[in-house]
Amino acid sequence: MTIMRKTHPLMKMVNHAFIDLPTPANISGWWNFGSLLGLCLIIQIASGLFLAMHYTPDTLTAFSSVAHICRDVNYGWLIRYMHANGASLFFICLYLHIGRGIYYGSYXYLETWNIGIILLFLTMATAFMGYVLPWGQMSFWGATVITNLLSAIPYIGTDLVEWIWGGFSVDKATLNRFFAFHFILPFIIAAMAMVHLLFLHETGSNNPLGIPSDCDKIPFHPYYTTKDFLGIVLLLAFFFTMVLFFPDLLGDPDNYSPANPLNTPPHIKPEWYFLFAYAILRSIPNKLGGVIALIMSILVLALLPHIQTSKQRSLMFRPISQFLFWLLVADVLVLTWIGGQPVEPPFIIIGQIASLLYFTIILALMPIAGIIENKMLKW
């Protein structure tokens, strides 16, 4: 008799994806972040569902409903801080996952990579709208500033902004629709993640060497289920240390003041995970130019498969490209720091240099390094 997991229509899908899946024998801990992102999404959907039971998307009561969750709901403080820090954890895993993809050349799987970029945009949109919901000072002013960027679009910009606001300023209609979108988007993300996985399993996983591994595959279970479980345990240990001991470490103190349209905070800035893009936006004096640079800072990832010049897929044996990769990582960290600083010297010029370097490394230096390394192979 055939094993049930190989014949039952539902279990067969799970079996092909998580049990009998042929996996390269040499993939490292950097391949754990896919499953960790799945865990983060589950944590966010579960905690968000319980928060939505007590939250009211109304400008008069939103802030106090969040306070009520923290003070009066059983373990409400825990659910709220799990959701807030879960977003940070999500982006930490997301950026590490993307970094792994760049380092080991995983972008050569076009469909998987492009769906990953769509997932990144969806996650960023979800996180932005979620940040608006507590209706603190930074929620209100962040929503005002970021939605206002759309007014830079020629001809239709102003109408578009008012259409998104549902009025002439960020108000009750805006909060209500942001709550609706923030609720539905994670489920769309979950569906897209399934498609992401579907395309990945069409080609099979990449590996650190960046070479075909068809001759050396092992079943996903028990080898990588065990490995993923270790990653999950370590991630949860780190996560609950954050939630229980340092819940406000990554938050903004301004968001503990209720939203006040008459009082602007001294420094309007988004959450830490958007600061690098915010720094790129601010480094260009022109509004439309800034918005284009902001979008391109993420969209530039879609160009990677088309500007690869090296004969080798992975950076494992490419010292020049490795140096440029770590320079890019350092540059993104500098941009993150600059995004949180006020717009004044010397931060302005540092931000402009870092923004220029970001695009130069990806669009010019890395392809040139690939050509040089190809020549080195012949020496």
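For all residues, glycine too, the Cβ spot is worked out from N, Cα and C.
Summarising the annotation, Swiss-Prot assigns transmembrane segment to 33-53, 77-98, 113-133, 178-198, 226-246, 288-308, 320-340, 347-367 and lists similarity to another entry as the type of evidence. The heme b b562 binding site feature in Swiss-Prot is assigned to H83, H182; the stated evidence is similarity to another entry. Annotated heme b b566 binding site per Swiss-Prot: H97, H196, in sequence order, evidence recorded as similarity to another entry. According to Swiss-Prot, the feature ubiquinone binding site maps to H201, an assignment based on similarity to another entry.
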Between the transmembrane segment (320-340) and the transmembrane segment (288-308), are there three or more C-beta pairs closer than 8 Å, counting only pairs 6 or more apart along the chain? no
Rounded Cα-Cα span from H182 (heme b b562 binding site) to H196 (heme b b566 binding site), Å: 21
Can you figure out which of H83, H182, H201 (the binding-site residues) comes closest in space to H97 (heme b b566 binding site), comparing Cα atoms? H201
Counting other CB atoms within 10 Å of each candidate's CB, the least crowded of the binding-site residues H83, H182, H201 is H201
Neighbour count, 10 Å Cβ-Cβ cut-off, for H196 (heme b b566 binding site): what number do you get? 21
Hey, which of 33-53, 178-198, 226-246, 288-308 has the most Cβ-Cβ pairs under 8 Å against the transmembrane segment (77-98)? 33-53
Here the Cα-Cα span from H182 (heme b b562 binding site) to H201 (ubiquinone binding site), rounded to a whole number of angstrom, reaches 29
All-chain count of other Cβ atoms within 10 Å of H97 (heme b b566 binding site): 20
CA pair H201 (ubiquinone binding site) / H83 (heme b b562 binding site), Å rounded to integer, equals 30
Look up H97 (heme b b566 binding site) in the DSSP assignment and reduce it to helix, strand or coil. helix
